[in-house]
Amino acid sequence: MTTAFYPGSFDPITNGHLDVLVQALNVAAKVIVAIGVHPGKAPLFSFDERADLIRAALEETLPERAADISVVSFDNLVVDAAREHGARLLVRGLRDGTDLDYEMQMAGMNRQMAPDIQTLFLPAGTASRPITATLVRQIAAMGGDVSAFVPGAVHQALQAKRK
């Protein structure tokens, strides 16, 4: 049984993240969605809020696979966190060539530190390719409609943050 580790900030989770997650579930029996916690960063949503939004998004979009997905936090190296959770596969989504260049560097460094852990690159679908959590936050903060880019629970949470 393959366990995949899908790290990210997920601030907030977007339809692009869900696209990659669905693909990951096609190759792994279990996927661990790992929220990176960085003490120096001030995310829009707290860890608990992000975890709740991920769970709500899964119930909304992938209820039949929710049992195959867990949500954890980590504040150490991705490869160390993956090992701690028994995962030997890192999942990374790619939107464009810029993502590929960056992710190839990261995969190379991770491979040096942890040769037992492989990185799996999954291309974003056409509809989710332009979506980034940063753009979603910016558009929502200016009162724009982000409902096409995020699950319903996230859209509601972003609206509540704006009030």
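Cβ coordinates come from backbone N, Cα and C, glycine included.
Remember, it's a predicted structure, so these values are computed and weren't measured experimentally.
Residues or ranges marked as ATP binding site by Swiss-Prot: S9, F10, H17, G93, L94, R95, E103, S128, R129, P130, I131, T132, A133, T134. The annotation substrate binding site is assigned in Swiss-Prot to S9, K41, V78, R92 on the grounds of sequence analysis. Here Swiss-Prot flags H17 as site 'Transition state stabilizer'.
Checking Cα-Cα distances from E103 (ATP binding site) against the binding-site residues (K41, V78, R92) with a 10 Å cut-off leaves R92, in sequence order. The binding-site residues in question are V78, L94, I131, A133, and the one with the fewest Cβ neighbours inside 10 Å is L94. Around K41 (substrate binding site), the same-chain residues at least 6 positions away in sequence with a Cβ under 8 Å from its Cβ are S9. Same-chain residues at least 6 positions away in sequence with a Cβ under 8 Å from that of R92 (substrate binding site) are, in sequence order, V20, E103, M106, A107, T119, L120, F121, L122. In the three-state DSSP classification, L94 (ATP binding site) falls within a strand. Cα-Cα distance from R129 (ATP binding site) to V78 (substrate binding site): 24 Å (rounded to the nearest whole number).
Residues S9, K41, V78, R92 are the ones the record ties to substrate, and the longest Cα gap between any two of them is 21 Å. Of all the binding-site residues listed here (H17, R129), the one with the fewest other CB atoms within 10 A of its own CB is R129. V78 (substrate binding site) sits 23 Å from I131 (ATP binding site), taking the C-alpha atoms as the reference points.
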